[in-house]
């Protein structure tokens with residue numbers, strides 16, 4: 001077995017089968033001592049391989065062969081002249097070191113480029129041009145009949161399970177619905193549409209559905225993908241003349257999960273294919289789960305017929321977790337990593353990182369790594385020092401009176417209206433929002449917040465926080481207002 005054969009086995013584990021067959025299998029790698037030449041068939045193919053898979057190829061060859069090596073990327077098939085880019089990786093070379101470019105011409109003075117063969121199967125002008133672009137000939141075409149491993153979609157990640165998803169008021173409805181469809185797919189909430197900002201746990205919930213459904217029914221056919229991969233699969237099925245297989249695979253799923261569905265908006269061919277796929281699955285009682293960064297009606301360029309179908313089932317939101325949930329997320333994450341995190345440090349990070357869960361966990365990792373490297377406990381002082389440029393710690397904390405002023409200006413009412421006894425909706429709702437913001441953005445206790453709003457009882461503040469949290473799940477207008485106010489006050 002050659003070094004490259006060993007590498008292929010490792011690379012295959014890191015890619016979807018379809019991606020592996022489309023991009024990695026067609027290339028040829030020749031080894032001459034420490035020199036590895038990667039033949040990529042044409043310039044476009046070479047650039048794509050190098051930009052998307054270059055680091056994976058380099059690290060895998062280093063793992064199988066050692067660090068002292070040279071990699072050449074050729075834009076030709078395995079013969080004749082070569083135009084190559086050379087990557088040198090020695091014992092002291094940085095993994096992400098700058099590549100040097102070397103032009104080699106080993107075919108005397110000729111610069112003739114061999115034309116790729118065009119499949120006799122296709123009479124389509126578009127397909128022929130795509131063949132010329134990608135450099136595929138008939139021998140490279142992959143069909144389900146020729147290869148049983150031909151597949152679509154993306155692998156589910158085992159780490160995304162319901163047990164590792166921290167539940168709070170901002171996501172409990174979405175989590176409950178996700179659990180229901182994983183146990184009884186196609187029965188309730190079909191489709192299940194989960195929307196919310198980036199990094200708030202939509203992908204986690206979606207993959208948790210797939211992983212749990214597989215535990216409940218190991219024989220279920222579950223396809224997980226995102227809109228980018230769905231588009232790639234569709235385009236590749238056209239290029240490889242295998243649309244029937246694309247349709248057969250996607251329309252035979254028991255559970256179809258598509259992340260970031262908003263990106264199919266404006267892509268007419270893909271949107272139409274998805275429309276028919278949706279109808280086929282829905283009519284057969286198969287479960288569909290979709291995520292998006294926006295409510296269906298707010299996705300610009302999305303066809304009305306798709307918007308209406310997304311409304312067939314249940315639409316739920318995931319919002320930024322409140323302070324208590326953010327603290328719980330940090331403590332659980334630290335525990336999962338086998339690290340001790342003081343409650344006060346978790347509270348400090350949670351109070352200062354309010355963008356999304358992804359950045360919250362990133363801040364935690366930075367604190368834990370810094371403290372471990374410096375052989376110190378992860379104290380507030382350590383967090384303050386290493387996160388200063390990330391969270392832009394302000395010397396003055398947000399004050400309740402500032403929140404009241406911003407909210408009053410936003411809703412065009414007076415600050416004294418917020419502290420008054422008026423109960424009209426145009427006053428009561430902004431007051432509840434201001435209380436909820438005060439609870440999230442300040443360290444004041446419930447009684448202190450109530451006192452700042454005209455001497456109200458702490459139970460009134462609790463009711464306001466719960467009411468606004470619930471409304472943010474179902475009312476996009478209030479949810480958008482809240483996020484906008486949150487950003488204004490946090491600046």
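In case you wondered, yes, glycine gets a Cβ from its N, Cα and C as well.
Swiss-Prot lists 1-69 with the feature region 'Domain I, interacts with DnaA modulators', giving sequence analysis as the kind of evidence.
Annotation source Swiss-Prot lists region 'Domain II' at 69-154, citing sequence analysis.
Taken from Swiss-Prot, the feature region 'Domain III, AAA+ region' covers 155-371.
Sequence-distant neighbours of residue 201 (ATP binding site) (same chain, six or more apart, CB under 8 Å from its CB) are 165, 171, 318, 357, listed in sequence order. Following the DSSP three-state reduction, the secondary structure of residue 201 (ATP binding site) is coil. The ATP binding site annotation in Swiss-Prot covers 199, 201, 202, 203.
According to Swiss-Prot, the region 'Domain IV, binds dsDNA' annotation covers 372-491.
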Across the region 'Domain IV, binds dsDNA' (372-491) the predicted model averages a pLDDT of 85
Quick one: of 199, 202, 203, which of the binding-site residues has the smallest count of other CB atoms within 10 A?
-> 199
